[in-house]
Amino acid sequence: MVDHLANTEINSQRIAAVENCFGASGQPLAVPGRVLLGEGILTKECRKKPKPRIFFLFNDILVYGSIVINKRKYNSQHIIPLEDVTLETLPDTLQMKNRWMIKTSKKSFVVSAASLTERKEWISHLEECIRHLLTKTGRQPSTEHAAPWIPDKATDICMRCTQTKFSTLTRRHHCRKCGFVVCADCSRQRFLMPRLSPKPLRVCNLCYRQLLAEKKKEAEADGRQLEPIRSAIPGYEPSSGDDSDKSDDDKADQWPADTAFYTSEVSWSSFHS
């Protein structure tokens, strides 16, 4: 499929259409050898509640974003290199069915499809692209994955102390290491995790102690002195979840209703052939 579509006019038109939908807020997506294999709307588990997101599968990257106007405009573009992706099928819940987890070293999250068949198609195409990329580069599958954030509504109490009850005044925070929902007292530390961010991130007290012990062990093995870590989080800082709290119905700067989504009359299915 990739060889058939590569360097074709229809593929160039499809990629240009995606770039146009993200507008100036998105990154350029057209590079030599890149092929757009399919697209569709999946439900992504976010901090506050599950939200629809548009996903585009290329032969080397997975792109997703928030829907402002369906097939017209998207924002909050995220680009995930497929070489870094591992997939895990998940059981259904009362709220979401046909679920699976997309795991990467920097971010892991759960998505669900509209049907079991659609989930099988997404996973099949993703796995084939990942397998092809790893074979091409000689890399091994990624083994380090960021912990997915547990949704806010999954618990009404701190998952560490199990004492503090959350309310409008007692805010929820997320540990960037384990993904647990914790209170402020149980997450007053920051730790530098270069794999996730160039800045120290909020972690729960338990993960902080574990990370500090690991760092000390590494320093002793290298014969270095353990560098001091600025651990206390000054003031109040509610946690944030990247795109998870951004509105899907932002009406600012809407595109005209008659703007064409495609540059030709060629139809698009979920996955191209």
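From the backbone N, Cα and C atoms, a Cβ is placed for every residue, glycine too.
Remember, TrEMBL labels are computer predictions, not curated facts.
Listed in TrEMBL for this protein:
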- 35-131: domain 'PH' (DOMAIN)
- 152-212: domain 'FYVE-type' (DOMAIN)
- 219-254: region 'Disordered' (REGION)
Legend entry - the domain 'PH' (35-131), counted residue by residue under DSSP: helix, strand, coil: 19 helix, 49 strand, 29 coil
Inset, instruction - Report the mean pLDDT of the predicted model across the domain 'FYVE-type' (152-212), rounded to a whole number. - result: 94
Legend entry - Residues of the domain 'FYVE-type' (152-212) by DSSP state, where helix covers H, G and I: 11 helix, 12 strand, 38 coil
